[in-house]
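*Asks:* Let me begin by handing over the structure; questions about it come next.
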């Protein structure tokens, strides 16, 4: 392993992305303890005068829980309806728990056309800057209720892994921390191979890495390892850094920022 020292003293603005699999228990119930830990960590970072943006999946998972559905509906309209119910519940819970730490949050729902159209991009960028200047944590998700994925009018990002990388770029963030249900990027699938080795540092996306990144997302989410690798490429392309790490204990974010070798660091040499 390459034990390259990690130093994040330059980091002033962070995007944290949490996936559905980190927010929803295997039973389908919401992991309230996880959300509380995440709120504590983000509030702690805000108190250190860092800017923090949270990209949160979970609207579908919350919606399935509230509506007592055991699986994602097949029809797109029903998927969007369930997500719209879940988004309200998710933001309500975030607002309630962050308030325990005297931290205010806001909601920003994005579609791809907003980011690709210069005037709306400028508006949303100004909104991010204003919220952060007011010491408010923007909580970002794709606007699932209205996003479409058709050839003549594509408004979907694909998944929130890609969305988080784009948000890191448009907000000039120094670091993207991607929380997942795995410890980082391995040389092969750790759920199949016991001898899989964690890659502590990745300086470029190689063909070997692309080959080892197959597989789909969880039953509650959409993002598999390939989507994380593609997001890392966006991060490389805009000269930023990314940590892919396990979201089981959000307090590990603080340890990672202190330089501990947690997860996989994607950073150019």
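Glycine too: its Cβ is placed from the backbone N, Cα and C atoms.
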*Asks:* Using only what Swiss-Prot says about substrate binding by 57, 144, identify which of 44, 47, 160 is listed for that site too.
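*Replies:* For substrate, Swiss-Prot names 57, 144; of 44, 47, 160, the listed one is 160.
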*Asks:* Taking each of 57, 144, 160 in turn, which of these binding-site residues have a Cα lying within 10 angstroms of the Cα of residue 17 (ATP binding site)?
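*Replies:* Taking 57, 144, 160 one by one, the ones whose Cα falls within 10 Å of residue 17 (ATP binding site) are 57, 160.
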*Asks:* How long is the line from the C-alpha of residue 57 (substrate binding site) to the C-alpha of residue 181 (ATP binding site), rounded to the nearest angstrom?
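*Replies:* Cα of residue 57 (substrate binding site) to Cα of residue 181 (ATP binding site) measures 13 Å after rounding.
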*Asks:* Among the binding-site residues listed here, 144, 181, whose Cβ has the fewest other Cβ atoms inside 10 Å?
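*Replies:* With the binding-site residues 144, 181, fewest surrounding Cβ atoms within 10 Å: 181.
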*Asks:* Which residue, of the binding-site residues 57, 160, 227, has its CB surrounded by the fewest other CB atoms within 10 A?
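*Replies:* It is 227 that, of the binding-site residues 57, 160, 227, has the fewest other Cβ atoms within 10 Å.
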*Asks:* Looking only at DSSP and grouping its letters into three states, which state does residue 57 (substrate binding site) belong to?
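*Replies:* Going by the DSSP assignment, residue 57 (substrate binding site) belongs to neither helix nor strand, so it counts as coil.
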*Asks:* Any idea what the Cα distance is from residue 227 (ATP binding site) over to residue 160 (substrate binding site), rounded to a whole Å?
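*Replies:* That comes out at 9 Å between the alpha carbons.
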